[in-house]
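**Student:** Provided herewith is a single structure, encoded as structure tokens, for subsequent inquiry.
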Amino acid sequence: MSSNTSLPMDRLDVALGERSYPIHIGAGLLSSPEHLVAHLAGRQVMIVTNDVVAPLYLPALKETLNARDFDVREVILPDGEPTKTLASVERIWDALLAAGFNRRCTLIALGGGVIGDMAGFAAASYQRGVAFVQVPTTLLAQVDSSVGGKTGVNHPRGKNMIGAFWQPKAVIVDTDTLATLPARELSAGLAEVIKYGLIRDAAFLDWLEANMTALRALDGGAIRHAILRSCEIKAEVVAEDETEQGVRATLNLGHTFGHAIEAHQGYGNWLHGEAVGAGTMMAVRLSADRGWLSEADVERVAGVLEAAALPTVAPANMSAADFLERMRLDKKNLDDRVRLILLESLGQACIRDDTPADQLDRLLRDFSRR
Ligand SMILES: NC(=O)c1ccc[n+]([C@@H]2O[C@H](COP(=O)([O-])OP(=O)(O)OC[C@H]3O[C@@H](n4cnc5c(N)ncnc54)[C@H](O)[C@@H]3O)[C@@H](O)[C@H]2O)c1
Ligand SMILES: O=C(O)C(=O)C[C@@H](O)[C@H](O)[C@H](O)COP(=O)(O)O
Ligand SMILES: [Zn+2]
């Protein structure tokens, strides 16, 4: 732990050469904006947020930046996954142009993953690229979406189909913001936390099983450890493979199925983390069908997902054909094979495009029948 303010704080770095950046994690960081201010490119600052987060956290952030003489503007978008569209990004571009902001401006993404992904894409594309800082306020954004530079929007045919890799200048995680997060959203974030244990750290999975009650009760120590270990794993993977040529794809465990669920159900009806929960169960079942996991492993994963109050079955209204139609469009596919993230063991992921068609079909039918 490093501490260069009066607040206890952890610091990690995402090692990407000249695009490297810090992740600061601590309680109350929004009220001590030094870390944020250090990463603002010039005086022009555009805060991008939504109408749920704005009343909670925008006034204090604006006040501290105004007090330091920044030219602070804001865009307040409607809440939710349905607004993760190019039209919303256009609203951010419009606000930047209306303010006369130049290439030395900085965007601040204040909110969950939806805001972070859109603000990041607006930053990647405004005047061919300006700085942005992530201030994630959901657990999901604090453990996953704020780190790694995947930015973009949804297309009706598929999740995150339009976007760019564009790294933030810093990630500022104020764990106090989780106090206002609805329980359903906390569970959605836990899906990505569980993912890290499954793909890369069996000991972390053991720890999650033992600490799920504390996490759901927002125990400070447990939350801090979960965020720190998740960010460490994500930073490590991203540093190894920034643009998903290989190992980064393992961060997609459960997502091929999950993204199909989100798009098919209509964006926002199943939360991203909920769809990833069900999708993870499908990937785990398939890994067992392929002979890599035991039935006891499958039960363990179902147990930890259920303890996090996440779904472990697919939506009743989705057929195998519905799944396959969406899965064929997945960004990981390189030719006409479906590329899936599976588990060789709990804590060890693999990337496979050799699932026999009849085995995949049986899995999809089994999950569709539940
Ligand atoms: N870029 C990446 O690497 C990456 C990784 C994972 C997920 N994602 C994307 O992130 C999105 C999901 O992010 P999310 O789960 O944060 O959803 P979200 O951004 O919709 O936020 C969830 C809900 O919580 C509200 N909220 C945010 N902070 C709050 C707070 N502190 N108190 C009360 N309410 C608060 C939001 O307004 C929203 O209603 C999806 O679009 C997903 O595709 C991206
Ligand atoms: O950072 C990554 O890489 C991930 O895959 C993290 C995922 O949790 C996240 O949902 C991501 O947005 C999915 O990316 P996509 O390329 O499958 O759209
Ligand atoms: Zn995800």
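Backbone N, Cα and C define each Cβ position, glycine as well.
Annotation comment: TrEMBL describes 79-84, 113-117, 137-138, Lys150, Lys159, 177-180 as NAD(+) binding site. What TrEMBL lists as Zn(2+) binding site is Glu192, His255, His272. For 75-187, the entry in TrEMBL reads domain '3-dehydroquinate synthase N-terminal'. According to TrEMBL, the feature domain '3-dehydroquinate synthase C-terminal' maps to 189-333.
Describe the structural context of these features.
**Tutor:** For the recorded site, Thr138 (NAD(+) binding site), the DSSP three-state label reads coil. Within the same chain, residues at least six positions away from Thr138 (NAD(+) binding site) with a Cβ under 8 Å of its Cβ are Gly111, Gly112, Gly113, Leu178, Leu181, Glu185, Ala188, Gly189.
When other Cβ atoms within 10 Å of the Cβ of His255 (Zn(2+) binding site) are tallied across all protein chains shown, the result is 27.
For the domain '3-dehydroquinate synthase N-terminal' (75-187), the model's average pLDDT works out to 98.
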**Student:** Kindly report the helix/strand/coil residue split of the domain '3-dehydroquinate synthase N-terminal' (75-187) according to DSSP, in that order.
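**Tutor:** Going by DSSP assignments, the domain '3-dehydroquinate synthase N-terminal' (75-187) contains 50 helix, 34 strand, 29 coil.
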**Student:** Among the binding-site residues Thr177, Thr180, point out the residue whose Cβ has the most other Cβ atoms within 10 Å, with all shown protein chains included in the count.
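**Tutor:** Of Thr177, Thr180, the one with the most crowded Cβ is Thr177.
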**Student:** Scan Pro82, Thr138, Thr177, His255, His272 for binding-site residues whose C-beta lands under 6 Å from an atom of ligand 1 and note them, or write none.
**Tutor:** Thr138, Thr177, His272
**Student:** Compare the C-alpha of His272 (Zn(2+) binding site) with the C-alpha of each of the binding-site residues Pro82, Gly116, Thr177, and give the closest one.
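**Tutor:** Closest by Cα: Pro82.
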